[in-house]
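Student: One structure coming up, written as structure tokens, with questions to follow.
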């Protein structure tokens with residue numbers, strides 16, 4: 001029974017993190033899949049979301065600014081707004097230029113954000129980071145939540161304390177995973193709606209042929225900034241959820257551009273850019289491969305260590321993570337060259353009266 | 001001849017700024033050439049620089065095992081060939097398939113290459129820092145003596161003299177190549193207008209190969225100079241250089257090698273001088289934000305003059 005519980009919790013954590021990455025991938029899909037905007041600063045938007053959420057919702061602390069103890073949904077909303085605001089600034093400057101410049105600018109802004117988080121120790125506690133970030137559902141068992149409203153309306157702190165003691169200590173895990181999956185579903189439905197709407201079709205038109213779209217009177221720059229800002233807001237939300245999942249965030253290791261930006265890109269490309277279902281599928285698939293490869297490479301190292309007893313297994317272990325990154329990079333190159341459409345290629349939104357047409361691997365409609 | 005302030009300004013801010021500027025300039029030459037001729041922003045450039053420095057370290061280690069203490073500048077020569085092969089191989093296997101497609105695909109591929117090369121270096125050499133030559137670099141005694149007698153003492157370790165001399169030699173060689181040789185002229189032609197160059201019978205593939213070779217030599221020199229300057233090799237050093245190098249390329253104008261050299265020097269000086277106490281005693285900008293200076297310059301250029309100071313291409 002205990003063993004099954006362990007497996008169950010492992011699957012739940014896969015679903016949780018996979019779901020968070022799915023939200024990132026959906027955000028990137030709005031920017032890249034819908035509008036063709038090349039954003040390689042995902043980690044920056046994630047960090048902005050995560051830090052604004054963390055600063056607003058943690059209990060008062062001497063290590064960093066505030067700890068304002070605000071309600072969790074408010075923290076998440078501010079995370080979205082903050083991330084969208086920064087995206088708006090970048091968009092105003094760079095979107096009228098060619099996509100390469102946007103790529104350089106986004107990678108730059110991500111580094112600058114991390115630099116600020118590292119240097120402004122009074123606000124962010126610098127490289128030591130922020131900890132004890134409240135996690136949805138688990139936070140109910142913290143004293144500062146059950147002793148204040150609205151929970152204090154339903155029971156005394158003693159009652160709540162006894163109630164949470166009676167629950168197993170992993171009670172929040174299925175609930176947290178469920179919440180994240182619900183968020184993924186809601187965002188998915190909203191984006192599907194957006195994609196099928198005139199706005200979504202206009203985005204496709206702009207991406208495929210900018211001058212034609214401009215000639216037919218579409219405000220290309222404005223639409224692009226809209227897509228960039230919406231995508232960044234979704235990434236900010238994902239960043240806030242990422243902070244909840246980790247509970248401790250710091251600027252360098254948590255927000256490593258390889259582990260966030262690059263993985264999300266591989267997820268979207270593997271799943272199929274332009275396709276919301278593809279983004280979600282890619283996120284869960286790549287995250288499963290990524291986590292499973294840790295176990296497989298770990299096993300392989302033990303095997304090598306057992307066969308070649310002269311080799312030092314610990315050196316291999318420290319380098320296994322890098323090998324994993326390299327393999328994922330090669331996987332991305334293969335997908336990019338052989339299967340540019342991804343697993344679920346983009347389906348073009350047609351006007352409601354026409355037949356739905358399937359876009360080919362190169363994006364043309366048959 | 002000069003007071004304590006001048007001494008401090010020149011030796012601790014101006015010369016380090018110029019050294020950093022030389023390194024950025026060499027890196028930016030490669031970036032601006034690929035951007036101008038192949039028309040994409042190569043994100044893997046910094047990682048090639050970094051891997052070049054690691055290869056040089058390996059050459060030195062091999063020679064050291066044979067009882068031969070090589071200077072990094074000597075060990076650099078055989079390593080350069082490997083780096084050029086690495087550049088040509090990446091181009092052949094990862095960039096060439098997308099040449100006819102949207103440029104953003106190549107940018108994506110180069111972004112992937114950045115991660116692949118970095119993780120490969122981490123797998124092969126491990127995540128720990130290495131050094132070419134351990135120990136503190138002493139200032140060049142002769143230079144200190146002579147300038148001291150003149151009343152303007154300059155404290156400069158040998159490594160900085162090597163970096164200056166190396167940069168000057170490479171830039172002169174590059175200008176000879178671009179202005180006097182056939183292939184250099186062809187490179188400039190392709191950079192100005194690829195279709196027209198193709199029509200006039202220039203072998204574009206050959207030009208692209210030449211671009212990678214020139215970019216590879218410059219990247220190699222930049223990587224080794226950087227490792228000599230900061231006296232260590234680490235796997236993130238290429239990535240840290242990437243943003244200032246792009247800023248330098250954009251400042252000088254995309255596709256303009258001299259612009260890149262100028263831009264590199266400006267960015268290097270701006271980064272170091274931003275920490276000088278211009279107003280009062282405190283540094284103008286906390287040294288932690290040095291990297292931000294390059295980004296700020298780049299953003300201002302993108303707003304005001306995206307084609308760069310030397311009228312490069314703007315897309």
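A Cβ is built for glycine as well, from the same backbone N, Cα and C atoms used for every other residue.
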Student: I'm validating the feature mapping. Which of B:188-209, B:210-231 is tagged transmembrane segment in TrEMBL?
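Tutor: Result: B:210-231 is the stretch TrEMBL calls transmembrane segment.
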Student: Might you confirm whether the transmembrane segment (B:160-178) is in contact with the transmembrane segment (B:12-40), defined here as three or more C-beta pairs under 8 A between residues 6 or more apart in sequence?
Tutor: yes
Student: Which residues, given as numbers and ranges, are at least 6 beyond the ends of the transmembrane segment (B:210-231) yet have a Cβ under 8 Å from it?
Tutor: 19-20, 22-24, 26-27, 29-31, 33-34, 37-38, 45, 48-53, 56-57, 72-73, 76, 79-80, 83-84, 86-88, 91, 131-134, 137, 159-160, 162-163, 166-167, 170, 174, 177, 183, 186-187, 237-238, 241
Student: Could you tell me what the rest of the chain brings near the transmembrane segment (B:76-94), counting residues at least six beyond its ends with Cβ under 8 Å?
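Tutor: Cβ under 8 Å, 6 or more out: 44, 48, 51-52, 55-56, 58-59, 109-110, 112-113, 117, 208-209, 212-213, 215-217, 219-221, 224.
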